[in-house]
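Taken verbatim from TrEMBL:
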{"type": "COMPBIAS", "residues": "1-15", "note": "compositional bias 'Polar residues'"}
{"type": "DOMAIN", "residues": "96-286", "note": "domain 'ABC transmembrane type-1'"}
{"type": "REGION", "residues": "1-20", "note": "region 'Disordered'"}
{"type": "TRANSMEM", "residues": "35-57", "note": "transmembrane segment"}
{"type": "TRANSMEM", "residues": "98-119", "note": "transmembrane segment"}
{"type": "TRANSMEM", "residues": "131-151", "note": "transmembrane segment"}
{"type": "TRANSMEM", "residues": "157-178", "note": "transmembrane segment"}
{"type": "TRANSMEM", "residues": "213-244", "note": "transmembrane segment"}
{"type": "TRANSMEM", "residues": "264-286", "note": "transmembrane segment"}
Amino acid sequence: MVSQTMNSATLTDQTVSEEKPKHSRTWRAFWHHPLGLAGVIGLSAIVLFCFVGPLLYPASAYTTHITDLMRPPSTRFPLGTDDLGRNYLARLMLGGQVSLIVGFAAAVASMIIGVGYGLVSGLVGGFVDTLMMRIIDVLLTIPTLFVLLFLDAVFQPNAVLLTLILAITSWFGVTRIVRSEVLSLKQRDYVEASRAFGASNWHIMLRELLPNVMGTVMVATIFQIAGSIIAIATLSFLGLGLPAPAPNWGEMLSTSMNYMFQNAWWLIYPPGIALLWTLLSINFVSEALQSALDTRL
């Protein structure tokens, strides 16, 4: 009797385990991955620093203090002041807001463009697919940095325009990934069954294919956030990007290079550490999510 009860309980546990949604197993695997937890903690810390920090330390990032130029860290200025006497901690927090918001928005926009293009190309197939991929091949031959520099120099972008510029120059990789997934998925039985029941291509894309490529798309988008932040920093480091006086970490690094040999260490390390911290945290999250998705499969 006891044995039968134990066997019944075991079978019940197995059934419950098998019925758990795949996404639950994915997130469980993600949270058990050491890099996943480290990445989330790191990103949470940098987000709190950039967005909650100004509420706790409401100093102006633009006010100049003529008598306090190039001051090292002190109780009044925890991270010192820059060459114009501006509070460096306040600028670091505000610069982080700009980098994170523009980077995230550009990645999401490029994801939307890339997913839509890849779904259509992979599902329709044939001549349309070939033509759409040849367009991608041509666009990929153009150096991205050159395009960024050209568009940035021509339009002198604000935050919104910079987001759009980054988005339209970074969606090609997502398209290739989605198309590759769709070419495999559209041969599955459930897609063929939908076709047999008269489902339209629009229905198949949104209801059958899109949910099954979102895991891969999420990983690609997270990587793209890091890529967008690097692009913002690169443009600003080269003297382009967002116009002054709006701060961002790349601009702060670029300015600090002018004082590298003047022992102004407080100008160099904070933006460099913040940028490195953010990129490592994002990469940790993407690696853990990729591992969790592979485990699910």
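The backbone N, Cα and C atoms fix where each Cβ goes, and this holds for glycine too.
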Criterion met for the transmembrane segment (157-178) and the transmembrane segment (35-57) (at least three Cβ pairs under 8 Å): no
Contact set, same chain, for the transmembrane segment (131-151): CB under 8 Å, 6 or more residues outside the stretch: 117, 120-121, 157, 165-166, 169-170, 172, 175-176, 179, 231, 234-235, 238, 240
